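Chemist: When I checked TrEMBL for this same protein, it listed these features:
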| type | residues | note |
| --- | --- | --- |
| TRANSMEM | 6-26 | transmembrane segment |
| TRANSMEM | 33-53 | transmembrane segment |
| TRANSMEM | 65-85 | transmembrane segment |
| TRANSMEM | 92-110 | transmembrane segment |
| TRANSMEM | 122-140 | transmembrane segment |
| TRANSMEM | 152-174 | transmembrane segment |
| TRANSMEM | 180-199 | transmembrane segment |
C-alpha cells in the first residue's frame, strides 16, 4: 500500500518538476537571449532519461515509463526554446547529434547481451550514465568558479533538482533497485557542492532564495 502511494507521489512530484524550466525560458525572454546559459544541462538529462525509459520498458516499470516519456517530451520543447533564444546554435546542434550517437551506441551494447543479462545491462548503463551525467554539473560548477559567479545556475532549478533526486533515492531504497539508489546518491553529493557555490560565488543580479544570499552587485553598491 505504502509503495503504491509513494509511486503516485513520485509520479506527481516528477511531472510537476518538468515544468519548472518554464521560469528559465521566461528569463531568456526577459534577457532577449539565452547566451551565457549552457545547453549541456538540457541535453545530458535527455540522454539519461532515454536510458531509464528503455529500462522501464524492458522491466515493465510503468513509473519509469510514464515519468521519463513525459520528461523527454517536455525537455524537447525546452531545447527548442533554447535554440530560439541562442544566437550561437552550432554547439547545440553538435550536442544533439552527439547525444543521438551515444544513445544508439548504448542500445547496441545492451542488445549484445543475452536475455538473462540484458535488463541488468540496461540498468547499469542508465545508472552509469546518470553518474557520468554529473559531468555536466561539474562543468557548470567549474564555469561558475572561473567566472566568479553563480549567475547562470538558477537556484530554483538547483533546489528542485536536489529535492527530486532525494525522492528518487528513497524510491530506489524502498524498492531495492540498486541502480536507481547508487545513481541518486552521487547526484545528492553533486547538489551539495553546487549549493555551496552560492555562498562562495553569489549571483550578480539576483538573491539566492531560502538562504537569502544577496547579489554581488548590491554588495559592491554598499
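Every residue, even glycine, has its Cβ placed from backbone N, Cα and C.
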Chemist: Quick one: do the transmembrane segment (92-110) and the transmembrane segment (33-53) have at least 3 Cβ pairs under 8 Å, skipping pairs fewer than 6 apart in sequence?
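Modeler: In contact, yes.
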Chemist: Using a cut-off of under 8 Å between C-beta atoms, tell me which stretch among 6-26, 33-53, 152-174, 180-199 contacts the transmembrane segment (65-85) the most.
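Modeler: The stretch with the most contacts is 33-53.
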Chemist: Same chain only, please: residues at least 6 beyond the ends of the transmembrane segment (6-26) with a C-beta under 8 Å from a C-beta of the stretch. Say none if there are none.
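Modeler: 37, 42, 63, 66-67, 70-71, 74-75, 78, 81, 85, 154, 156-157, 160-161, 163-164, 167-168, 170-171, 174.
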Chemist: Which sequence-distant residues neighbour the transmembrane segment (122-140)? Criterion: at least 6 residues beyond either end, Cβ under 8 Å.
Modeler: 38, 40-41, 43-45, 47-48, 51-52, 54-55, 58-59, 106, 109-110, 152-153, 177, 179-180, 182-184, 186-187, 190-191, 194
Chemist: Do any residues, 6 or more residues outside the transmembrane segment (180-199), come within under 8 Å Cβ-to-Cβ of it, and if so which ones?
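Modeler: Long-range Cβ neighbours of the transmembrane segment (180-199): 126-127, 130-131, 134, 137-138, 140-141, 144-145, 150, 153, 155, 158-159, 161-162, 165-166, 168-169, 171-173, 208, 211, 213.
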